[in-house]
Amino acid sequence: MSLQMVTVSNNMALIQPGFSLMNFEGQVFFFGQKGWPKRSCPTGVFHFDVKHNHLKLKPVVFSKDSCYLPPLRYPATCIFRSGVESEKQQYIIHGGKTPNNELSDKIYVMSFVGKNNKKVTFRCTEKDLVGDVPEARYGHSIDVVYSRGKSMGVLFGGRSYIPSAQRTTEKWNSVADCLPHVFLVDFEFGCSTSYLLPELQDGLSFHVSIARNDTIYILGGHSLASNIRPANLYRIKVDLPLGSPAVNCTVLPGGISVSSAILTQTNSDEFVIVGGYQLENQKRMVCNIVSLEDNKIDIREMETPDWTPDIKHSKIWFGSNMGNGTVFLGIPGDNKQATSEAFYFYMLKCAEGDVNEDQKTLTNTQTSTEDPGDSTPFEDSEEFCFSAEACSFDGDDEFDTYNEDDEEDESETGYWITCCPTCDVDINTWVPFYSTELNKPAMIYCSHGDGHWVHAQCMDLAERTLIQLSEGSNKYYCNEHVKIARALQTPKRVLPLKKPPLKSLHKKGSGKIITPAKKSFLRRLFD
């Protein structure tokens, strides 16, 4: 195993805990930036181009028939193919956290369209579900199993906000374990069915999942209710006959106690588990090899890499699987130095050579919803996101790059703003202002000029008014610009005044017409 530092040439601030990596045709793409996508890259998806330990983020575009994809951080992702032997793949994205701290319950399907004129194009569509629809969550897993020529998605675990009836201002962002239900999702027809298996007693979060043909292995994870990381190992087998699916779970020996670990594949039957946490206040520095052979799983410790002092002493770490046995790691920078970077990044190579392209095993792990500053650093708050292989585009470096200079400072956009001279919202003590909010105040968009966001709280908008403005297409102007906007409005059309016709004056005794000008001349003449 070798560990090398990676330098980031641009947009380093976008790479923070909670991002995801996707692999399409050997090319790696970054998804899940912090904050809403900006005008230089409205999709929020970037090519993750690593060459000679140097990383560049290059924006991609969406096709015209794509839906809007919010910058979800900490979602569950997995690769989906129409069949085991199929080469064409898509990515399934479920759950995750939006920039205003809401949890998503939607399923998005991401597919690769092509590369034209040095621009990579994706198609993103939203998949509607019927039946037992999984609630919004994070820290869960989604995998795809194949049985009898059919495929099915399997969703398990995670955390969600406590029911709305139990939420108060003090506990607005409190989370709880999701019920230990196993959801089977038919991506073709959009049907979802939940199963309650007696072997699964806890809705484990931040676990590691490995899908192989018709079987999924669940190991590690964290139970919020008991605050433990049980060394459990489950095997979930899914049979897809012509009738109803059959789902069975078996408890296996030999599990490990770990949460938030990264899984990377080194060959068709072997994986490596890197990172994670073994206690609430202790990172797990041990690496494990996972071998799958003849429906058996074997987990054993392996030689650890030569961790740097910075990695050893950091309180948190995060990263993602880059494929080909390579892991991308990040740790916080030394904030004691004025010129210190926010994060330092490394590439850990667990195996030499390429993974077999015909491999039939797909891997997946999960992420959490908290930022480094939002919780204690040792909790399962800095989770990992996984999947993709490291490879670069064939071609030169003339790819259109994301222009960071075009962007506005994060403190002046979105929720993190001072919206008006009288704004008294303290960004360090966000509290929900309306029942529709989670932990940020409600916002409304002022249509004056290029537009800008303002707090509904500062504009003294009632919740009912806010909802009406949000649902309608009417323009809204903040208190500062409402008078200007009214002055700029086109005045109502006023009918011209009817002028009375000029009366013709006739001189007595003559048939000639005396005009007003001639009448004035005659007056001056006789006077």
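Here the Cβ of each residue, glycine as well, is placed from N, Cα and C on the backbone.
Where the annotation comes from TrEMBL, it is an automatic prediction and has not been curated.
Feature annotations, reproduced from TrEMBL:
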BINDING   Cys419, Cys423, His455, Cys458  Zn(2+) 1 binding site
BINDING   Cys446, His452, Cys478, His481  Zn(2+) 2 binding site
COMPBIAS  361-370  compositional bias 'Polar residues'
DOMAIN    414-491  domain 'Recombination activating protein 2 PHD'
REGION    359-379  region 'Disordered'
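Here the features listed in TrEMBL are placed on the structure.
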| residue | record | Cβ contacts under 8 Å, 6 or more apart |
| --- | --- | --- |
| Cys419 | Zn(2+) 1 binding site | Val425, His452, Trp453, Val454, His455, Cys458, Cys478 |
| Cys423 | Zn(2+) 1 binding site | Ile417, His455, Cys458 |
| Cys446 | Zn(2+) 2 binding site | His452, Trp453, Val454, Tyr476, Tyr477, Cys478, His481 |
C-beta crowding around His452 (Zn(2+) 2 binding site), within 10 angstroms: 17
Greatest C-beta neighbour count within 10 angstroms, which of the binding-site residues His455, His481: His455
Neighbour tally for Cys478 (Zn(2+) 2 binding site), based on other Cβ positions within 10 Å of its Cβ: 21
